[in-house]
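Report on the following structure.
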Amino acid sequence: MCVVALLEEPFRVGHFLPQDLKMPLCGPKCSLCGLIVSVWGIIQLSIMGGLFMWNSIGLIEDLGLEEHYDTTEELYKAADDAYSSIAYNCWIAAAIYLVTLVISMQQFHVNKQAGHFQL
Amino acid sequence: MAGFSYQRLKERGATMSEWGLFRSEEMSLCQLFLQTEAAYACVSELGELGLVQFRDLNPDVNAFQRKFVNEVRRCDEMERKLRYLEKEIKKDGIPMLDTGENPEAPQPREMIDLEATFEKLENELKEVNNNAETLKKNFLELTELKHILQKTQTFFDEEAQYHYVTHQMSEANRDDENAQLLGEDGMQAAGQSLKLGDGTQHVPDGIQQALLTSDEGDQVYKSVFIIFFQGEQLKTRVKKICEGFRATLYPCPETPPERREMKMGVMTRIEDLNTVLAQTQDHRHRVLVAAAKNIRTWFVKVRKIKAIYHTLNWFNLDVTQKCLIAECWVPSADTEAIQLALRRGSERSGSSVSPVLNSIQTREAPPTYNRTNKFTQGFQELVDAYGVASYREMNPAPYTIITFPFLFAVMFGDFGHGALMALMAAWMVWKEKPLGAKKIDNEIASIFFGGRYIILLMGLFSIYTGFIYNDIFSKSVNVLGSSWRNCFTDEEVHHHDAETLLLPPENRTCFYGTPYPFGFDPIWQISSNRVTFQNAFKMKISVLLGVLQMLFGVLLSVFNYRNFKQFSDLVTMFLPQVLFLLCLFGWLCMLCLLKWTMYSAPFEVGSGPEDAEAIRYGTHCAPSLLLIFINMFLLKDMNADAKGTGPGEKYCDGYLFDGQKGFQSFLLFVGVMCIPWMLLAKPILIWRQRRQQPHSELPETNGDVAAPAGGGGGGGHDEEEFSEVCIHQAIHTVEYVLGSVSHTASYLRLWALSLAHSQLSEVLWTMVLVRGLSMTREFWGGIVLYVIFGAWAGLTVSILIVMEGLSAFLHTLRLHWVEFQSKFYKGEGYIFAPFSFEIILREADSED
């Protein structure tokens with residue numbers, strides 16, 4: 001059996017367009033998985049971010065508050081801070097998942113053109 | 001709805017009995033008389049129809065003695081050739097066209113044409129392959145020679161230079177040189193020098209390029225040696241040594257021009273060989289491509305022919321009338337369609353006599369045939385996996401369509417997980433045509449695909465129970481307005497010593513009085529006694545659902561008794577069973593329901609005598625159902641112990657209503673009386689029936705008929721001995737009575753798995769996702785959350801959906817198979833396996 005060496009096209013330095021990438025970074029399963037998790041992440045994290053922003057009581061145990069506060073105002077302030085910062089974290093994570101979604105979609109498209117999917 | 005489907009089915013040539021899926025189809029044993037010429041075509045038509053199950057009328061005949069053994073052998077030979085072709089096609093990587101068309105079984109005379117075609121193709125392919133082999137071997141030899149010549153050229157060029165320097169000294173050696181080249185593969189003695197004797201030199205040099213040996217196709221590295229010697233003796237010795245090392249010898253021309261000429265000759269021959277080789281490969285490729293177009297249809301045709309001849313082998317030949325006789329099981333409703341098919345077949349074969357199909361009486365048990373569509377097929381397979389229904393027994397499958405996903409959902413109840421499961425199944429259902437056409441190799445994936453409707457329903461029902469448990473990925477949602485409020489002021493919270501605050505439901509600022517409209521109140525999520533409260537609810541619900549399903553099972557047995565004309569069993573078996581279940585376990589469920597409805601948190605209640613009613617049915621005096629039930633069996637009075645001394649305690653009553661003690665004793669009496677009823681009624685009835693029957697079967701022994709109490713009951717309608725009847729009845733009674741207790745407890749697994757699922761879900765949220773949420777307040781908390789969310793999603797799918805889903809599936813299956821079906825199902829039938837080309841082809845494909 002012969003061994004054939006696969007020479008990869010070197011990336012062009014300077015401008016890097018997604019259409020140039022003929023060789024997929026990850027296979028069909030990986031891109032499909034990324035697609036599904038990204039969609040799920042975007043939906044769930046945006047909703048969670050909204051819930052945290054509107055001070056949902058059901059999520060109060062996830063804030064990471066202290067065991068003891070001296071006054072009620074301290075508790076309220078800590079809770080408000082926690083709510084808003086976690087909400088921003090959720091939305092930032094959702095944004096990163098949006099980027100992942102775009103990459104996964106592009107990879108999925110490339111894999112489909114390479115004929116890895118038969119559906 | 002029923003009328004519509006009946007119409008559709010009539011058009012398709014098949015009719016459904018009025019019981020539909022609730023009971024298996026009526027079958028009749030038919031005899032089929034076919035004229036010998038028409039037999040092949042008729043069987044082909046029946047195979048396409050797929051509604052007839054043939055019986056082997058020659059079971060004792062050896063396979064080699066059957067009538068059509070030659071045809072079967074020819075089919076086997078054709079299949080072998082086709083497989084060889086398929087292998088060659090696969091080796092070349094040519095795609096085999098699968099149009100999905102279903103060609104009909106060809107006529108017997110076409111078989112000869114097919115055989116000829118396959119023979120020709122096989123011979124051609126074999127010839128081409130052999131030629132290619134020989135050519136490749138030649139090519140290899142010539143390549144070797146080429147490399148050897150190249151090496152000698154370089155050697156002699158170097159030697160030439162060396163020659164000029166030392167020609168005086170070695171000129172004597174140069175005369176009469178007779179060099180031979182040898183190529184040696186992998187010689188281990190390359191390091192040592194060969195002692196060949198005087199006057200010989202050898203110069204090893206390796207060929208850098210790998211050569212292919214012709215037989216194994218592996219890469220082998222070869223080295224070139226030049227041996228110089230003088231004289232014939234040395235020549236033979238050198239030859240022998242070379243043969244020992246498996247080296248190939250080539251004669252070396254002495255002068256450079258001769259070497260050059262030889263080299264040119266070799267090069268041209270290599271060129272020629274290359275062209276011929278390429279053309280051979282081309283030819284082979286063309287032959288294979290042409291074959292690949294048709295190979296799928298050929299496979300189908302050959303398999304159909306073989307199946308027809310196999311079936312024909314089961315027929316009996318009636319020599320006098322020159323016709324073949326077959327016995328087959330046929331759904332009674334489909335006789336019209338079968339007659340049509342037979343007429344079509346006999347017309348096609350051009351025979352004058354039409355085939356005859358008439359039913360015969362038999363005492364054998366017919367096979368069980370349930371007409372299913374793509375939706376009901378999965379559920380029917382679930383039921384059949386445990387045991388195929390006896391002929392015309394009540395089929396548990398239609399109820400399973402609803403109860404199975406529902407019980408699964410009770411154990412799985414989470415909106416988020418249910419939604420994911422439903423989405424996945426919905427995708428499989430949406431893409432079911434392309435997925436079904438493509439043959440799935442992975443066995444697990446094909447199992448999931450086969451159960452796609454089951455999984456879809458399971459997911460949808462889990463969404464529903466997720467609403468009821470108010471559980472979305474272990475978090476509750478407050479969409480309908482919680483009925484609980486924080487009723488404590490700031491100072492009260494500050495000055496409170498204990499860790500937890502109790503919200504009393506009697507206080508109308510804490511609890512609004514009207515419960516949450518649908519499902520669990522979201523307040524429970526942040527309360528510390530959430531699990532305790534939910535446990536009580538889930539346990540009671542499990543017992544309620546269990547008793548309901550078991551009662552339904554017992555009621556279904558009525559239909560079985562009616563159908564099999566066992567009316568006495570209605571009184572001796574069904575009645576005591578249902579009374580036992582209702583009086584004892586039905587009463588337990590009743591207690592649960594009564595306690596739920598009759599007791600509530602009293603609002604603005606004092607402790608005076610005018611509030612006796614409210615206090616008695618208030619939170620303080622609610623009796624323990626467990627104690628009530630235990631004391632019912634022990635016949636102990638609940639109010640016998642001294643009451644407590646709390647406020648209003650004297651108004652408490654251990655019972656839910658007045659007269660409960662007497663009522664419970666009555667129920668206990670009825671329930672316990674059912675046990676001897678179940679045990680004795682049927683044997684007594686049979687004994688009396690047999691006593692009244694005339695003893696006609698006994699032989700002529702004059703009066704010496706010994707009839708002991710448990711002795712053989714001759715002449716009865718049953719073949720069973722009386723002692724057997726008694727033993728069977730005893731076993732049945734014990735099984736039922738003990739089974740009721742154990743099965744009712746068994747249904748508590750609904751609570752157990754539901755608890756496990758919700759706790760696992762909560763653990764996953766608090767231990768995994770919350771780490772990402774509250775780890776840091778900085779901006780890079782978002783990135784951490786991004787990573788952790790991915791991990792949480794993976795764990796959710798793998799642990800909570802796949803593992804818990806499979807576990808809940810298994811438990812639901814067990815509940816159906818054991819607890820539900822043991823109440824009415826015998827499951828001693830065998831499944832209807834019709835002669836159908838579709839099934840045969842699908843099996844053959846899956847074997848490939």
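Here the Cβ of each residue, glycine as well, is placed from N, Cα and C on the backbone.
Feature annotation from TrEMBL assigns coiled coil to B:68-145.
As annotated by TrEMBL, transmembrane segment applies to B:401-430 (among others).
Proximity of distant same-chain residues to the transmembrane segment (B:450-469), defined by a Cβ-Cβ separation under 8 Å and at least 6 residues beyond the stretch ends, is recorded for 374-375, 378-379, 381-382, 401, 404-406, 408-410, 412-426, 428-429, 432, 518-520, 534, 754, 758, 805, 809. Sequence annotations record features per position, and here TrEMBL assigns transmembrane segment to B:450-469 (among others).
According to TrEMBL, the feature transmembrane segment maps to B:541-561 (among others).
Here TrEMBL flags B:573-594 (among others) as transmembrane segment.
Here TrEMBL flags B:614-635 (among others) as transmembrane segment. Within its own chain, the transmembrane segment (B:614-635) has Cβ neighbours under 8 Å at 505-506, 588, 591-592, 595, 598-602, 605, 607, 646, 648-649, 651-656, 664-665, 667-668, counting only residues six or more beyond its boundaries.
The transmembrane segment feature in TrEMBL is assigned to B:663-681 (among others).
According to TrEMBL, the region 'Disordered' annotation covers B:696-719.
Feature annotation from TrEMBL assigns transmembrane segment to B:779-803 (among others).
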At a Cβ cut-off of 8 Å, and with pairs 6 or more apart in sequence only, do we get at least 3 pairs between the transmembrane segment (B:663-681) and the transmembrane segment (B:573-594), yes or no? yes
Highest Cβ pair tally under 8 Å against the transmembrane segment (B:779-803), stretches B:401-430, B:541-561, B:573-594, lands on B:401-430
In the same chain, who gets a Cβ under 8 Å from the transmembrane segment (B:573-594) while lying at least 6 residues past its ends? 540, 543-544, 547-548, 550-551, 554-555, 557-558, 561, 625, 628-629, 656-657, 664, 667-668, 670-671, 674-675, 677-678, 681-682, 732, 736-737, 740, 744, 823
Determine the mean pLDDT over the coiled coil (B:68-145), rounding to the nearest whole number. 86
